Amino acid sequence: MAQIRDQLIGVVLDGRYRIESVVARGGMAMVYRGTDLRLDREIAVKVMHAHLASDPSFVERFEREAMNAARLSHPNLIAVNDQSRDGDVVYLVMEYLESVTLRKELKFRGRFTPRQAISVVDAILAALEAVHEAGMIHRDLKPDNVLLGTDGQIKLADFGLARAVTSETTTKTLIGTVGYVAPELVTRSGADERTDLYTLGIMFYEMLTGSQPYTDDVPIQVAYRHVHDRVTAPSQAVPGLSPQLDALVLWATSPKPDDRPESATAMRQALGEARLAMTDEQLDFGGTSDAADPTEPALTATADIDEQIGLEAPEPVPGTGEIPKLSTDETPAAVSSTTEIPGTLTAAAVSADGTPPVDLPPLENEPPTAEELEDNDEPRDSRRRRPVFVGLVAAVAALGLAGTFGIAKASGVIGGETEQEVVMAAVPQIEAGTAEADARQILEQAGFTVSTEGRKHADIAKGTVIETRPAAGEQLQEGSSVTLVTSDGPEMVAVPKLVGKTEDEAAKALEDAGLKKGKVSTVEGQGKKGRVVSQSTKADSQAEKGSAIDITVSSGPETIAIPDLRGQDYEASYKRLLGMGFRVARDDVYSEYTPKGKVVAMYPGPGKKRTADTLVILKVSKGKEPPKDEKPKDEKKKDDKPKD
């Protein structure tokens, strides 16, 4: 079995119970192997699925399972030791049994020998004795709830559906597994201890033949057949099975509860008698274990099931040396209520009321006909002391229930695969953006199968959940498929070439491509003024649809800040400006304060930005302006010109 990734692994609940690994998943809970840190022992921890823990009705049912099971103590029942809530985790602590389920072993082996099947049925009956004596019925017997331990123990588990036997609880909604459901649960006419015995009879048939008596692709048809059909003798499916086995199966699976064994004790007693009446050849007939591959995991996990659940030959009666024989004249055998399985179904006491139990007369392989069973008007108590088949209806006789076949649709009881629980469950809430693997785990833990569908989404990250179909809260049968709609990320589009376009042209090109213009920045000295010189995402690459592309637009040739040269020597200033690429012109002027040969002023002024080749005029001091009578000769000549 593949290891399931689980966030509870390693968590310690209530400071005591450490979760070690996943054991199994159910529609209502996960079962983990754990360690009781206080007592230093292995345990099983059953944790309710998170999406159910917020539902008071589910929590109540879960807690009821713990209380029901905790009341019981029997070697063939899985013990429940504790029940609690740690934060959002609702859980119960159970006995841990290294085992495989009867379902898995049946799938591997095909069918059991009668000896093996009797051993398993005896253990279940012993467990049911304890359950029924406590005033409860199990209501959900099936191979999945029977554990075959590697140490030879056989235990009944899962009391999630167990109810006290009252008129209030036995006529409500049908909950169970369609392949094993008793007719009275389908018609909602009430359930009692004999309801469990019917289901066990179906399981007995399956162990002996390798298949259920009723199968159909449409579960409601299976339920209908439980009400209107009659289970046929196992020997019709596997010729050669003993008539004693036919008798037991047909007795337990009678459609009318009054025609079944009165109690688990009565059926267990009859089972012991049947076993004693069979030869070793009959007990070991029909198994398929010889053909099994000994390397298969199921067989490896349970060692040799012939040794684990096989029954020994009957021991001689103490003091006589004789093997007990089935006889109506002798005290009949009874199976000890404390027999550990595997073990010997021993002969011992009479029934509680001192009367011989039901006889098991030799039978042919065919079940009785309707004519043979026509006279059936005796009181119930007197019929119970007659042979097993007195009072059984014929294989195809109608049950007189026409028009009363009711299905509890409100609870979604009938639907889905025959082997699955017919309890409806709500699709859990999964938040958008949850990782696909985490969402898949949530759905699988809730009992659903998962398919995926990808969809483009601009806001939800690729590989995470957009939604589920059906939506959260929808009621589906366990095993139904839920589709996870996951994000493939946003839609991608090609980025157009923007370089060389004007800003407006670039904005239009982006819009046409399904993109937007982002930030616009400017740069000098690159390209033609007003044209795009670069873009944030390369042309022809892919970008998310609707995303923004930034652009850079040229503001024209590069400009240079003119340095402040005032007070500087002209020659040095001249050379500096030429080195920066400027053209220079000189204009000599008098200056009262600036020494001769120094720059008095400049145009454009200091700090102004201009492109290279700009003419910069430097005004250079000639010194202080001389008095008028000391003017240079040339100036005097101008002044001395004769006036007109």
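For all residues, glycine too, the Cβ spot is worked out from N, Cα and C.
TrEMBL annotations:
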DOMAIN    17-276  domain 'Protein kinase'
REGION    305-331  region 'Disordered'
REGION    350-383  region 'Disordered'
COMPBIAS  369-378  compositional bias 'Acidic residues'
DOMAIN    418-488  domain 'PASTA'
DOMAIN    489-555  domain 'PASTA'
REGION    526-546  region 'Disordered'
DOMAIN    556-622  domain 'PASTA'
REGION    619-644  region 'Disordered'
COMPBIAS  622-644  compositional bias 'Basic and acidic residues'
Taking all residues of the domain 'PASTA' (489-555) together, what is their mean pLDDT? 91
The domain 'PASTA' (556-622) resolves under DSSP into 10 helix, 27 strand, 30 coil
Take the region 'Disordered' (526-546) and find every residue of the same chain, 6 or more past its ends, with a Cβ under 8 Å from one of its Cβ atoms. 458, 489-503, 506, 514-516, 518, 552-557
